[in-house]
Amino acid sequence: MKVTVIGTGYVGLVTGACLAEMGNHVVCLDVDERKIRVLQDGGIPIHEPGLDVIVQRNVAVGRLQFTTDVAAAVAHGTLQFIGVGTPPDEDGSADLQHVLAAARSIGAHMTDYKIIVDKSTVPVGTADRVREAVRGELQRRGMEVEFAVVSNPEFLKEGAAVGDFMRPDRIIVGADDERAVLLMRALYASFTRNHDRLQIMDVRSAEFTKYAANAMLATRISFMNELAQLAEKVGADIDMVRRGIGSDPRIGTHFLYAGAGYGGSCFPKDVKALVRTGQEHGVKLRVLEAVEEANEQQKHVLGKKVVARFGEDLAGRTFALWGLAFKPDTDDMREAPSLVVIADLVRRGARVQAYDPVATEQARLALGDVAGVSFADSAQAALSGADALVIVTEWREFRSPDFDAIRAALKQPVVIDGRNLFEPALVKAHGLEYFAIGRANAVPLKT
Ligand SMILES: NC(=O)c1ccc[n+]([C@@H]2O[C@H](COP(=O)([O-])OP(=O)(O)OC[C@H]3O[C@@H](n4cnc5c(N)ncnc54)[C@H](O)[C@@H]3O)[C@@H](O)[C@H]2O)c1
Ligand SMILES: O=c1ccn([C@@H]2O[C@H](COP(=O)(O)OP(=O)(O)O[C@H]3O[C@H](CO)[C@@H](O)[C@H](O)[C@H]3O)[C@@H](O)[C@H]2O)c(=O)[nH]1
């Protein structure tokens with residue numbers, strides 16, 4: 001099939017590459033000339049495991065192309081995927097300016113039947129606005145061309161995006177147009193065994209499903225983070241509790257890890273946007289408001305633990321910080337908890353020596369010229385001359401460290417772990433003080 005993907009970010013590039021991998025002919029369009037140049041030159045502008053191989057393979061055989069030429073891109077695909085960003089507006093609602101601009105681009109250039117597929121995460125009712133935007137452009141040109149607007153939200157996780165796209169738990173298609181449903185079924189047949197993972201529903205339910213999924217996952221995390229605080233007070237270990245409750249299939253084992261708060265480009269903005277949608281319709285989403293508030297607090301927990309151990313005034317102190325990206329296996333710094341931890345430490349006069357396997361460049365951009373932050377080339381180098389180690393992101397290379405080397409490098413034998421990576425007894429056996437999240441058998445936070 002001929003497919004155009006508008007927006008070549010984490011979602012657009014993965015969508016384009018994976019659809020090409022299945023034999024479709026894909027043109028990816030972006031307004032960011034630098035990004036397109038990198039892709040045309042054989043590079044990948046983001047860190048996403050396994051994506052480079054697929055992109056290169058499909059470019060080589062001519063099934064995947066990159067362009068900034070809107071007219072050529074729109075002319076190419078019968079299916080026009082919109083995968084542009086929907087960042088939060090000032091009031092928390094999703095900013096649809098890029099989605100509507102993409103819709104207008106399609107309307108301004110289309111000359112034959114198109115299925116316009118909203119893959120971006122967009123509030124309920126957006127498909128109607130996309131339809132109006134396309135229609136407006138067609139009217140302006142004095143043209144009548146048939147088209148359908150379909151909702152097909154994306155559920156991939158960064159760091160595992162290729163696997164998630166190629167082997168999806170489900171594909172949601174919201175459509176009220178027979179011809180569009182037929183083509184969407186055909187497009188996704190190769191990704192879903194016997195169609196059992198393809199769910200066709202009405203457009204509004206599909207749009208809502210995406211927010212409901214992220215809101216549910218974020219709720220689990222904030223719930224566990226709040227219980228973690230209580231576990232420290234009552235002398236329990238949240239990791240034991242996690243295992244205990246996760247074995248009940250009604251609860252399940254995934255997304256129950258207490259930590260330094262959830263970040264990324266999706267949970268924070270999507271929870272806010274759903275709360276906002278509720279407000280617009282007079283429905284107060286109390287649970288989600290609390291989820292959001294709990295997460296804002298949680299991002300300060302590591303800073304609080306540092307203060308509890310070293311005091312309010314951190315002038316003259318240096319902290320090694322392992323992990324900058326909002327999660328492992330990505331270079332994405334959007335809403336990363338590390339940004340809050342760093343701000344909490346430098347505000348009190350501390351210096352931070354940070355190390356991340358891939359996100360250093362993005363972190364530099366996200367932090368701007370914050371004084372007191374330097375970047376190390378390795379986890380061990382970040383420890384040199386530091387008072388203590390703070391772990392924010394659970395990259396695999398941090399999971400089994402040389403504890404003796406950590407102890408030797410640090411001025412004080414203190415590890416503050418925001419991801420509960422280690423057995424407390426093991427860390428303590430190496431002569432280190434160990435502070436973790438919700439684990440009373442690690443040294444508890446004094447109040
Ligand atoms: N990142 C994820 O893991 C993820 C997963 C599922 C859904 N989503 C949703 O998918 C959407 C895209 O997210 P992302 O992380 O890929 O964003 P991104 O910021 O990485 O990429 C968006 C791209 O769209 C381009 N763009 C903006 N306006 C354009 C226009 N008018 N024409 C062409 N290109 C344009 C930008 O230059 C950018 O390259 C969002 O709605 C997001 O909520 C993201
Ligand atoms: O038990 C857990 C699981 C995750 N997190 C944190 O939650 C955030 C989000 O993690 P994850 O969901 O793995 O990454 P994303 O790439 O943001 O993916 C989410 O957001 C995407 C964009 O909407 C959706 O497509 C995915 O299904 C959804 O998982 C990260 O900061 C994680 O550290 C926890 O604190 N505890």
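Cβ atoms are placed via backbone N, Cα and C, with glycine included.
Unlike curated entries, TrEMBL annotations are predicted automatically.
Of all Cβ atoms in the shown protein chains, 26 besides its own fall within 10 Å of the Cβ of CYS266 (active site, nucleophile). The secondary structure of CYS266 (active site, nucleophile), as reduced to three states from DSSP, is coil rather than helix or strand. Annotation source TrEMBL lists active site, nucleophile at CYS266.
The feature NAD(+) binding site is assigned by TrEMBL to ASP30, LYS35, THR86, THR121, GLU158, LYS269, ARG334. With a 10 A radius on its CB, LYS35 (NAD(+) binding site) counts 22 other CB atoms from all the protein chains.
Proximity of ALA258 (substrate binding site) to non-local residues of its own chain (separation of 6 or more, Cβ distance below 8 Å) is seen for ILE221, MET224, ASN225, LEU227, ALA228, ILE238, ASP239, ARG242, ASN420, ILE437, GLY438, given in sequence order. Annotated substrate binding site per TrEMBL: PHE155, LEU156, LYS157, GLU158, LYS210, PHE255, LEU256, TYR257, ALA258, GLY259, GLY263, LYS327, in sequence order.
Secondary structure by DSSP for the domain 'UDP-glucose/GDP-mannose dehydrogenase C-terminal' (320-424): 35 helix, 19 strand, 51 coil. Feature annotation from TrEMBL assigns domain 'UDP-glucose/GDP-mannose dehydrogenase C-terminal' to 320-424.
Listed in sequence order, the binding-site residues among THR86, ALA258, GLY263, LYS269 whose CB lies under 6 angstroms from an atom of ligand 1 come out as THR86. Taking a Cβ cut-off of under 6 Å from any atom of ligand 2, the recorded positions PHE155, GLU158, LYS210, GLY263, CYS266 reduce to PHE155, GLU158, GLY263, CYS266.
Taking every pair among ASP30, LYS35, THR86, THR121, GLU158, LYS269, ARG334, the residues recorded as binding NAD(+), the greatest CA to CA distance is 24 Å.
Remark: of the binding-site residues LYS157, LYS210, LYS269, ARG334, the most isolated position is LYS157 (fewest other Cβ atoms within 10 Å of its Cβ). Long-range neighbours of LEU256 (substrate binding site) (same chain, six or more residues apart, CB within less than 8 Å of its CB): ARG220, MET224, ARG242, ILE245, GLY246.
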